[in-house]
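Participant: Input: one structure, supplied below.
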Amino acid sequence: MRPPVRRALIAAIGAGAIAIPVTIAGVAVAAQATTIAEIQGAAHVSPVAGEEVTDIPGTVTAVSEKGFWMQSAEPDSDEATSDGIYVFTNAAPEAKVGDAVKVAGKVTEYRPGKAENNLSTTEITEPKVSVEGSGGEAPEATLVGPDGRVAPEKVHSAEPGDVEKADFDVKANALDFYESMEGMLVRVKDSVAVGPTTKNGEVSVLPGGEGGLRTERGGVKFTGEDANTERVVLDDLVSEAPVANVGDKLPDDVDGVLDYSFGNFKLNALETPKVESAGLKPETTEAQGDKLAMATYNVENLDPKDDQAAFDRHGEYIAKNLASPDILGIEEIQDNNGADDDGTVAADETWKKLIEAIKAAGGPSYEYQSIDPENNADGGEPGGNIRTGFLYNPERVKPSGKDAGDATTPVEVSAEGLSVSPGRVAPADDAWKDSRKPVAAEFEFNGKKVFAVVNHFASKGGDDPLMGRFQPPARSSEEQRHPQAELVNKFVKELQGAVPDANVVVLGDINDFEFSETVAKLTAGDALKGAYDLLDEKERYSYVFDGNSQVLDQILVSPKLAEAAELDVVHVNSEFTDQASDHDPSVVKLTL
């Protein structure tokens, strides 16, 4: 269990803007709040934030390293006002679960991580705690999900903007719905894991196994229109996290206190939940036969200092689960000494170690093509110098034999194909600042030319959280991905203009959804067709984030190739707690 992150504090929100008395759900509240519900109010921000309160009664329901949660023994009659609250003691609390307490202190709104796009949580800080009794029964937990309170499908307010300033409606807005139970005991039952246990000790579940577009392997698909608000994220702040894979069942009731951090409401389970395995196994694709098989695979910051076991797993997945594709676009290869920031940019040792692992797993003796970046110019982990590149099977595919480009010289096109191979696409353009530059290469398969472009677009870091303060969420990272997509689209069109009927495959970690404007810009002018369009919607995912199965990795092909293309997303990582990478590889099989 990781230590709790609590608690950096912010003072009263909008100091001076809160008038006392106020009205909550039609009931006048005195200047001195006397219950937890009066402190919480029917709002995201307490109507008495910044004020001192005294003799607030409650029963201790859970304890963390630097505080405790308490809940009113007698709830009010308004489901819009929470009856629970966190008391921040800033040290191990003396109060124990079951204690009847009275608390005095300052009402404070805490913003997790001081991130303005996070919702705040209402707390009592600088507390004086009086224990009035012990060994009491906990208040009844509120059931969330089927047979209980059901979250609304929407998270947007009637008016876009700051939900903390919008009308509060627990029937229409999922953010308001969960806020109304902040700090309370909440129960989920008959849950199904829709995300694996994360490194942060979180497991996303669907109470009752109901809600959203379910994937065939037990997850829930993010469609863009449905945020899958039924998801509940179990956190390990109070108890150890269970080990779960997608589709696993949690057969027992899970009780916890509802909290908020890092863009999500979290249910801090009081006890480690029991997990029943659904027996999920990594997938294996069929061999390509006489077709050309091309894959994309993000190997997540791979460098020679990683354990041999990491290379072995990647090698096995490529050789066996992917059936040894003819060409692979690889993302996140680090340089020869990983994150050591000493100016090293070469990655030949990383490539060779991966190739040896594939061979040891029964795969072919791949060769690689890549271009070393300038030091610390392409983003990612400082010193790691992640880059994209290709693995190809020389027994089935021939490289062009042309000279390789360098980090700063752009590849050009003519009737003869690429000027250099591999070569970087418009590397000096501002769109690639602190981001990976695409690498284009020319190959021959069964006497026919194939042009490939491997990409790793700007990450989604900095975007507003799906369950955050500002709705709809702003996706500021698109400001870089959109021009990146336009540059790749322009390059493809130039290539198609110079080489009529060119066989073009654009692939890689695009860091955006199949329905996104980024992909629309990549395919603009009918230059490319998204291979994900070949799949049923519930099969479209290569990544699982906060329990949402979604697409980040893309394969796009020229229109003629799309006519007989077959796409398979090979789920070997994203649904499992034990991962070689956080991305699943995808493979497309093409008839030339």
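Even glycines carry a Cβ here, placed using N, Cα and C.
Unlike curated entries, TrEMBL annotations are predicted automatically.
Quantities reported herein were computed from a predicted structural model and do not represent experimental measurements.
The region 'Disordered' annotation in TrEMBL covers 128-158, 199-220, 413-432. Under the heading domain 'Endonuclease/exonuclease/phosphatase', TrEMBL lists 436-566.
Can you tell me where each of these features sits in the structure?
Facilitator: Beyond the ends of the region 'Disordered' (128-158), by six or more residues, the same chain brings 57, 59, 61, 71-73, 75, 79, 83, 87, 89, 93-105, 166-167, 170-175, 177-178, 181, 184-191, 206-208, 210, 226-227, 229-230, 232, 255, 466-467, 471-472 to within a C-beta distance below 8 angstroms of the stretch.
Taking DSSP states H, G and I as helix and E and B as strand, the region 'Disordered' (413-432) has 3 helix, 6 strand, 11 coil.
Across the domain 'Endonuclease/exonuclease/phosphatase' (436-566), DSSP assigns 42 helix, 38 strand, 51 coil.
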Participant: Using a Cβ cut-off of under 8 Å, list the residues of the same chain at least 6 residues beyond the region 'Disordered' (413-432) that approach it.
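Facilitator: Sequence-distant neighbours of the region 'Disordered' (413-432): 369-371, 378, 389-390, 399-400, 402-407, 438-442, 449, 451, 453, 480, 483-484, 486-488, 491, 494-495, 498-499.
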Participant: Which residue counts does DSSP give the region 'Disordered' (199-220) for helix, strand and coil?
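Facilitator: Split by secondary structure, the region 'Disordered' (199-220) comes out as 3 helix, 7 strand, 12 coil.
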Participant: For the region 'Disordered' (128-158), DSSP counts of helix, strand and coil?
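Facilitator: Output for the region 'Disordered' (128-158) reads 0 helix, 10 strand, 21 coil.
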